[in-house]
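Since the structure comes first, as structure tokens, the remarks are kept for the end.
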Amino acid sequence: MTVWEKLRPYGMVAPAIIIFSLFFIYPIFYMIYLSMFDWNFVSPVKTYVGFQNFKDLLMEPDFRQVLSNTTIYMVLTVTLTTVIALLLALWLNRKSYFYGFVQGAIFTPHIISLVSISLLWSWLMDPEYGLLNWVIGLAGFDKLQWLSHPSTSLISLVMVAVWKGLGYNTLVFIAGLQSIPTDIYEAASLDRSKPWRTFTKLILPMLSPTLFFLVIINMIGSFQVFETIAIMTQGGPVNSTNTLVYYIYEYGFRFFKIGYASAAGVILLIIVGILTMIYFKMLSNRVHYR
Amino acid sequence: MVKKLTALSLAFSMGVLTACGSNGTNVSTGNTNSGAKAEGAESASSNKTVIKYWYAYGEKIEEAKLHMVKEFNESQDKIEVIAEHQGDYEDLHAKVQAAFAAGDAPAVTDLEIASTGVFARSGMLEELTAYAEKDKDQLQLEDFNAGLMGNAYVDDKLFGLPFMRSTPILYKNVTMLKDAGLDPEGPKTWDELEQYSRVLKEKGKVGMTVPVDIWFYEALVAQSGGQMLSEDGKTAAFNTPEGVAPVEFWKKLSSEGLIKMPVGDEAGATADKDWANQMSAFKFGSTAGVTGSLEIAKGNGFELETAFMPANVSYGVPTGGCQLVMTSKSSDEEKEAAWEFIKWMTSKENTIYQHKHVGYLPTRQSAVESEELKAHFKENPQFKVAVDQLEYARPRPMENAYPEVAKIIKESIQKAILDPKTSPQDALNQGAEKANKLLSK
């Protein structure tokens, strides 16, 4: 082996490694480093405070509310998206122009920018001039406050996220359903299995890798929700829609407390890291029927 | 992962493309943005000093700013200013901060007045005292309205010059008032505002739609004779009776349906829409909206008057808007250029121009007394109100923690208004407790 042959693979991966280290690894370590300081990003003096930022964070009632908002948002978004997408996939998993059209229609929100979607829904949900309240009014019900009241603001954001994520999830479920060999279905119908039994004992286990993939991806995605909040509510009213990433942004770029924001970033990193590890662990164990 | 890498490489190639553009490969695309860049590149080759100026807001405000920059560039051949739009004040501040950390800050930027303190104290701003001293005959610092200079100084050092400055004023739909049999001269006090709103409610309208906004709250606290923070800025003062009075007033009126207080992110827009659609007779708004509101009134066929915000124990308003500041890490040459530019933008002629074009205050006494503005006020009295109201104006708090404190106050007010069980006093006490922790640091 010549020197070149030995070095070649390293040369080939170098660009990827350099970019990865520079834009992913370095920022993570720098963030962990910054979380130990009291700093405003521009002043020449960084004051070392140890774990004080973490103590402050955990003592802060607003931060606890942010964590609970994020969790509620995640649980609702993931459950609703997954269940509705699965039902839609079961319904749409057949071939005809009509079903193709419906599939296409529910997929479109996925390709629209989240910023446009946020603006659009802000308009639909406007308590005075919005289309939704107009329809509710016509139907004779009391108007909802949507994003303008703490009791409905978070669920309104969940609605938008579900609407946006539904198409992609349905599509992946349909792909999963189609990868199930048809002979298993035939065997089940020969055995006169009831539809519910076919679903729970056959489809669901066969679909479990897909299901699991979607749940994890949606969970990680929900933990990182930012655009809709930045555009539609800015965390309000009364902190009711403030979530982890928006909280980090607010402290980092509006209140100039980089250390405190980095500490919150570390907590986000830990949560998302745990979720990702669970995912890979389960993936290596091959979630499947046994 | 694949997605991320693709996005990354896209970002890279875009970076390379823009870099080519600004190095003056000079392709004219007809697009105004790249046009501006190409101009900058050309001038670089002819030894002009090129500086960047970042500004906030679009429409009329942007028109006025770009017009003045263009005039400046054409007025001399040593300095080329490239103006770049950066969103609203919050976006602008975040970007200036990040650019400064990266060593690529614009030489001159707009800065919302309440943030002067935190920017100056963290060393991002160049002190202007010496510049002003050097050019004092040309600059005429004492010509600026004293009511606008409170936020220009941080710890007795000059850091900014008043540029597009405002106060909140009361916009009135006089046609609605006349139809309801109300005296169009009022309301001059909180009590009158309440009475007017009662009459308007009987007609199926509301007196006013008010968003929970820190700037308006500051105004009502001033009208009640109170302060937001203690004299030394170390403790909250908004939970005193003078600070609680505005929230009790708002809560009482909104619970009786006399005014509407939307709380969401769209609240400000809702207030403007209600007023434009003649659902409400009044709105609070910045003087920056005079020209725009006159157009709305004309389009919707009603008569608009402006007035002082109603008084409680006295009149009172905070000032607002932005000043022009210089960042501290530019080269000496760029700083000289930046100073020339700031002087130009804040001159008597330009303050008159921006006042007439947008509605912001004329910042100089000589401008207010000029024949041009006297004639303008006579014809359009709506513009004059804010100038007169300056007598009652005060600066905004500039403590480092104030942006965060402002958020706490806003949430306390929202809570008091939304939750019937929370009294304004309790909500503000809780807010003050949180704020004190931040302020005492």
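One-based numbering along the chain as shown.
Cβ atoms are placed via backbone N, Cα and C, with glycine included.
Per TrEMBL, the feature transmembrane segment maps to A:12-33 (among others).
TrEMBL lists A:67-279 with the feature domain 'ABC transmembrane type-1'.
If you look at the transmembrane segment (A:72-92), the same-chain residues 6 or more away from its ends with a CB under 8 A from one of its CBs are 99, 102-103, 106, 154-155, 157-158, 161-162, 165-166, 169-170, 173-174, 176-177, 199, 203, 211, 214-215, 218-219, 222-223, 225, 243. Summarising the annotation, TrEMBL assigns transmembrane segment to A:72-92 (among others).
Annotation source TrEMBL lists transmembrane segment at A:104-124 (among others).
Taken from TrEMBL, the feature transmembrane segment covers A:202-226 (among others).
Distant neighbours of the transmembrane segment (A:258-280): 28, 31-32, 34-41, 49, 53-54, 56-57, 63, 212-213, 216, 219-220, 223-224, 244-245, 247-249, 251-252; these residues of the same chain sit at least 6 beyond its ends, with a Cβ under 8 Å from one of its Cβ atoms. Residues or ranges marked as transmembrane segment by TrEMBL: A:258-280 (among others).
Proximity of distant same-chain residues to the transmembrane segment (A:104-124), defined by a Cβ-Cβ separation under 8 Å and at least 6 residues beyond the stretch ends, is recorded for 88, 130-132, 147, 156, 159-160, 163-168, 170-171, 227-228, 231-232.
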